[in-house]
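Annotated features, as they stand in TrEMBL:
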- B:28-52: transmembrane segment (TRANSMEM)
- B:89-108: transmembrane segment (TRANSMEM)
- B:120-140: transmembrane segment (TRANSMEM)
- B:146-166: transmembrane segment (TRANSMEM)
- B:178-199: transmembrane segment (TRANSMEM)
Amino acid sequence: MPQLDQFTYLTQFVWLCVFYMTFYVLLYNDGLPKISRIIKLRKRLVSQEKVGAEQSNDRVEQDVVFKECFQASANYLYSSVSGASKWCKGMVQLANAHKLQRMNKDYVCSLGEISVSQVIKKNALSTLSPSTYQTTSLASRQTTALNKIYVLRGQKRTLAKIKNGPRKKKIS
Amino acid sequence: MGRHIKGPLDQFNVTELIGLKFDILGKFYLAITNISLYLALVLVVIVSIFYFGDNDSKLVPNKWSIVLETFFASLKGMVKDQIGLAYEVYLPLIFSIFFFFLTGNLISNIPYSFAANASAVVSIGYSLTFLLGVTIISLFKHGNKFFRNFIPEGTPLALVPLLVAIEFTSYTARGFSLGVRMFANLFSGHCLLAILSVFGNQLLSVS
């Protein structure tokens, strides 16, 4: 049987190794990369045309997309609200500075007149009849620190008026 | 009767072709034989298929590149099923074995040609070297865990030595048996073809 001729074994094995190794090296470096590249490229292009590149990106970037969306919406709301409030404040300040200035002055003056008139009345009552001061209803109304200051100022003015009044009478 | 009758086994003779002969140590000798010619022919055929199928990276495939890509896809699917996730490293190996022996066998079907895979050295020698290579790779990769291959799970401790002997012999015999299968098939097939053709000729000829 020719397969059992042992003197041929070395040649057969050596030539097998030589040609098989060249084939393997050629396949590994040239043949298989070319085929696999074309197949992968074609698969990717075909899937993009069909679906619009949705499939591969969906699962991976969902969390990132949601986070970014929520952050963007929250930032937008915050920025719009803060902008609106700033505008309102700016407008109010402008209005108070220019258009409403006189109105503010008159308001403050009227407040001052009302409070000072009350204080003057009270002090006039107190200086003329100190016993009646404590029993009248005016004492229950005005008990704050500002009113005490008004009281002091009113006292000074009424004292000045009272001092000046009887002097004028005496002289005339 | 002076005609030298060729038997059916004479087709497998390894003859030297060009006479380039190297005597190594007087005992072994190396020459360019008909086996080397047919192995070179196998290489040329495969390289030419790849050459024709090289479509310059165009998307629309050639006729030859359709052939190549169907081979590639089917082999890749088969390998992926068997090996699992890290299969791409072993794809060139399986691919090369498949193509080499496929074209060798197909070339031997041409009349008056030579069956390179019908020689014991090519078939059995290849399978034994492949087994050796796989064992070396797995030893390097898994270390001592490689020997867990020989003990099936859940065996009682008394049976372990016997089972290890059985598994070890089956492991080594697998390398030998796979080569023998191909060798026996090709050898018997070509013998049968030769016998049938010779006797058919003698039957049907009028002389």
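Each residue, glycine too, has its Cβ placed from N, Cα and C.
Of the Cβ pairs linking the transmembrane segment (B:178-199) with the transmembrane segment (B:28-52) and spaced 6 or more residues apart, fewer than 3 are under 8 Å, so the two regions do not touch. Take the transmembrane segment (B:28-52) and the stretches B:89-108, B:120-140, B:146-166: counting Cβ pairs under 8 Å, B:89-108 has the most.
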